[in-house]
Amino acid sequence: MVAFGKKLKEWQLQEWQEYYINYKLMKKKVKQYAEHIEHGTQDRRYVLKDFSRMLDNQIEKTVLFLLEQQGHLASRIAQLGDQQDATQQEPEISKISELREAYRKVGEDLLKLLYFIEINAVGLRKILKKFDKRFGYRFTDYYVKTRANHPYSQLQQVFKQVGVGAVVGALSRNLHELQDRQGSYSSIYDQPTLPLQDPVIDAIRAAVDRLNHSTNFLNFLGQHALIVQEELPAPSDQQVDDEKYHFMSLLLNLANTFLYMVNTYIIVPTADDYSMQLGAAPTVCGIVIGAMAVAQVFSSVYFSAWSNKSYFRPLVFSSIILFLGNAMYALAYDLNSIWILLIGRLCCGFGSARAVNRRYISDCVPLNIRMQASAGFVSASALGMACGPALAGLLQTDFKIYNITFNQDTLPGWVMMFAWLIYSIWLWISFVEPSREFEEDRTTSQSNAESSVITTYYFNWTTSTVAIFLAGLGLTVLPVNIIVGSYISNLFDDRQILLASEIMVLVGILSAFHVIIPYSEMQYICSGLLMFVSAEVLEGINLSLLSRVMSSRLSRGTYNGGLLSTEAGTIARVIADATITLAGYMG
């Protein structure tokens, strides 16, 4: 809150100082309310009424000024329109240039007004959240619900920017008409798919998109992906050129994300059995599964650096390496070599192009759909995490072709090898390398499930049962994110959610131990589900916080914030996998 107060002073325009929401006054008032309630000099109902009235007055002051400024802008556009009509009769290049610059000056003033709205909207959300935290009362819910659709409330004027669209449309149309059409009689309405390319209009559109960027489920998922963007980006960075965006290329990046997560988790239900078939202890499955994460620690760096120059070539290289890695994983059975198995998994990790996938979204997807693309990235990861074990559960067969074995242990490798072959062909045909610009990002998905060792030892679960259990865990990712992103994060402070998640993870860990009572399947399932869901909430909130507080300088270059976050998560998974194997060797 202190940091926001300082930023608020830096951002505010001096000439409009008196029209901003008085965040400092309201913060002081909240403190006074707390003291009065503590000493019993004011009751809670009075506080709610008085603070509501103060908010209403502050919002009304801001909105009336906003409408006044919009009126000034509309008057200036109308006057320029009269001048433009006059130039149509006697066109002069110098007058047309002057008109263009005058329209752009109106656009710059509109941009200032949009920043004014944005700062007030952020300040309003902050003070509401502070009030809720201080009094343990869901005042935000009450205030928004009672004011959202009330005919006398000004709240929606702040959040819906009423009138801005009309001003933007008028500016775009008039600037379009002043362009040199070289004898063309078509208008802007005849070619709606060709938007006006003007830096001021681009900056305004980006500012409107950012203002519409509210705290909802898509926003939460996008922050989960940790696609970092600059706090106050320059106009040239705010809007990716539409010509640079290619939907099929984005889809290919999301498909790469999905397949990689399937590749990661498809072997989990059978890894212990495969290790035993090759003469190793079942706990070696920790190394088999973790080998991919070990390699990803290094691959994340060189893929992040490679994406500074190209997106297509790293994706091709990734597909080839994953094709070879899965082939080695599948052939290790007939070669009777645990080393071939491990090398195959290492190759799969060296083919991890998730750094490229995230950076493509950050660099090449327009701002107005970037959050949807980021949410798509997280959804693809979650779906892959669920589909991997589920697919393994379906591959329960055993046959040979030309002395090559196809069974529950090798089929995950053969299936993924074929999938990466198909993906490579699709990639080669459909991917379009975008023109180079600069920006960057990266992070990781979570979850580690070596449950097959424990469930086989205690409950004699089959591979199909383990696969169903792991797939069920994976399917909780999206519902949990929906609940946290759309509901819980609006009711509680992030630090409260973090603390609660950490406590629940600890409870899940403690409840998983076999101490006194006989170890049951219900105990294992409940403790595993509690640990997994709590850790998922913990990861989501952490990444959401990082995306908001991380410096915009870490959104660029090879060693960007997303990469560093990914490395931390990957190293943690490596340590967890190694600990399982070490525990096995220690008896």
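Positions of Cβ are set from backbone N, Cα and C atoms, glycine also.
Here is what TrEMBL says about this protein:
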DOMAIN    2-145  domain 'SPX'
TRANSMEM  250-268  transmembrane segment
TRANSMEM  280-303  transmembrane segment
TRANSMEM  315-332  transmembrane segment
TRANSMEM  338-356  transmembrane segment
TRANSMEM  411-429  transmembrane segment
TRANSMEM  466-485  transmembrane segment
TRANSMEM  497-516  transmembrane segment
TRANSMEM  522-546  transmembrane segment
**Asked** Going along the chain, which residues at least six beyond the ends of the transmembrane segment (338-356) come within the CB cut-off of under 8 Å?
**Response** 253, 256-257, 260, 263-264, 267, 274-275, 278-280, 284, 287-289, 291-296, 298-300, 303-304, 306-307, 311, 314-315, 317-322, 324-332, 413, 442, 444, 562-563, 566
**Message:** What does the DSSP secondary structure composition of the domain 'SPX' (2-145) look like, as residue counts for helix, strand and coil?
**Reply:** 129 helix, 0 strand, 15 coil
**Prompt:** To the transmembrane segment (315-332), which of 250-268, 280-303, 411-429 is linked by the most Cβ pairs under 8 Å?
**Reply:** 411-429
